[in-house]
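Lifted from Swiss-Prot, the feature list:
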type	residues	note
BINDING	LEU122, GLY126, HIS127, LEU128	(6S)-5,6,7,8-tetrahydrofolate binding site
SITE	HIS229	site 'Plays an important role in substrate specificity'
MOD_RES	LYS230	N6-(pyridoxal phosphate)lysine
Amino acid sequence: MFNRTTSTVANVDPELYAAIEQENRRQEDHIELIASENYTSPAVMAAQGSQLTNKYAEGYPGKRYYGGCEYVDVVEQLAIDRVKQLFGAEAANVQPNSGSQANQGVFFAMLKPGDTIMGMSLAHGGHLTHGSPVNMSGKWFNVVSYGLNENEDIDYEAAEQLAQEHKPKLIVAGASAFSLKIDFERLAKIAKSVGAYLMVDMAHYAGLIAAGVYPNPVPHADFVTTTTHKSLRGPRGGVILMKAEYEKPINSAIFPGIQGGPLMHVIAGKAVAFKEALSPEFKAYQEKVVENARVLAETLVKRGLRIVSGRTESHVMLVDLRAKNITGKAAEAALGAAHITVNKNAIPNDPEKPFVTSGVRLGSPAMTTRGFGVKEAEIVGNLIADVLEAPEDAATLERVRGQVAELTKRFPVYG
């Protein structure tokens, strides 16, 4: 028998507990600007820490390979029904353990090795799983990549020409470092013109889409994949939304195709997050996410930095650092020393190596979760510029750390 009072992480594993506590402190004391990170709610974390972690449930609600699944069936069905309502989808699979596995599930269901797929180039803001040669998607399939035009918007004309020339079986839309709105309707027309499936990976934009502040791809795409964390603010995991006609092959592709028993405790966390995302408060939050990102970008431009694509229409922006004569790697380190967390990121046609880069990617979801508004977003933008202008100046870093401490103390993540 386990005693809940004594069988705590602190008692059982003090070394691990110390690392967890240090990470908790870091999250409270640093300003988080990595676009793919956010803070999930205590309710979501509680669901993940529940006894649901003990239950095996291979299969789907009402059709399991194990007994004793009557209550986890309720949990999974709640998640399915809520995510369908949230995005207006005909069908949903909530079992993928990640966004990458959601993408793999669609590929496994609808493609064969050697088929041609077309996705956004990683060098122009796409994602590894959209056909990068280092990823399974780039090794198993013949990949054609589209990218940005001279205005650093998606080159839809070139994408259409590529589709007509190569006749891909599946076109992937979505990005990991692209700040503008994506024309999903136009990409759907391109896909239809060549008889291709359209899969939209909305992992970065899902929270914004749920709140109606970014275009919804569901009416236009055959498949929509997403993570459940990032801007959606749920647990780490994935989801596939699809037209009803594809539900059976997608379900078979996830189980038994690429996964075994689903993580029922995480699916419970997803269900909680979807309920939270259906609330008016979540819509208001996402409106602030977009507003804060706009102010942050405008502040950086005023301080002499260039935003790739000229602006942001979402939560994310890619900052070209070349005007400040600093690499993304050096900027990430300097800002980290000032307790501002970002990630280095390649800009389009970046002359630097992938582990060096000429840019950083910034996002507003996490700082907005902790309560920052446009006033704080402007302050953060100026603090970033201060550091980038004097990345090795100890006095500047100390001053910025002090201002960060004042902000984070005023706006705790978990009160």
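Note that Cβ sites are derived from N, Cα and C of the backbone, with glycine treated the same way.
Computed from a predicted structure; not experimentally measured.
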Under 8 Å Cβ-Cβ from HIS127 ((6S)-5,6,7,8-tetrahydrofolate binding site), six or more apart in the same chain: what's there?
GLY119, MET120, GLY174, ALA175, SER176, ASP201, ALA203
Work through the binding-site residues one by one (LEU122, LEU128) and point out the residue whose CB has the fewest other CB atoms within 10 angstroms.
LEU128
Distance check, please: Cα of HIS229 (site 'Plays an important role in substrate specificity') against Cα of GLY126 ((6S)-5,6,7,8-tetrahydrofolate binding site), rounded to an integer number of angstrom.
18
Would you mind pulling the DSSP three-state label for HIS229 (site 'Plays an important role in substrate specificity')?
coil
Shell list ((6S)-5,6,7,8-tetrahydrofolate; ref centroid = CB of LEU122, GLY126, HIS127, LEU128; cutoff 8 A):
GLY119, MET120, SER121, GLY125, THR129, HIS130, GLY131, SER132, ASN135, ALA175, SER176
Which ones in the same chain are close to GLY126 ((6S)-5,6,7,8-tetrahydrofolate binding site), with CB under 8 Å and 6+ residues apart in sequence?
GLY119, MET120, SER132, SER145, VAL172, GLY174, ALA175, SER176
Mapped DSSP class for HIS127 ((6S)-5,6,7,8-tetrahydrofolate binding site), helix or strand or coil:
coil
Count the other Cβ atoms sitting within 10 Å of the Cβ of the residue listed as 'N6-(pyridoxal phosphate)lysine', across every protein chain shown.
27
I'm trying to understand the geometry here, so how far is the Cα atom of LYS230 (N6-(pyridoxal phosphate)lysine) from the Cα atom of LEU128 ((6S)-5,6,7,8-tetrahydrofolate binding site), in Å to the nearest whole number?
17
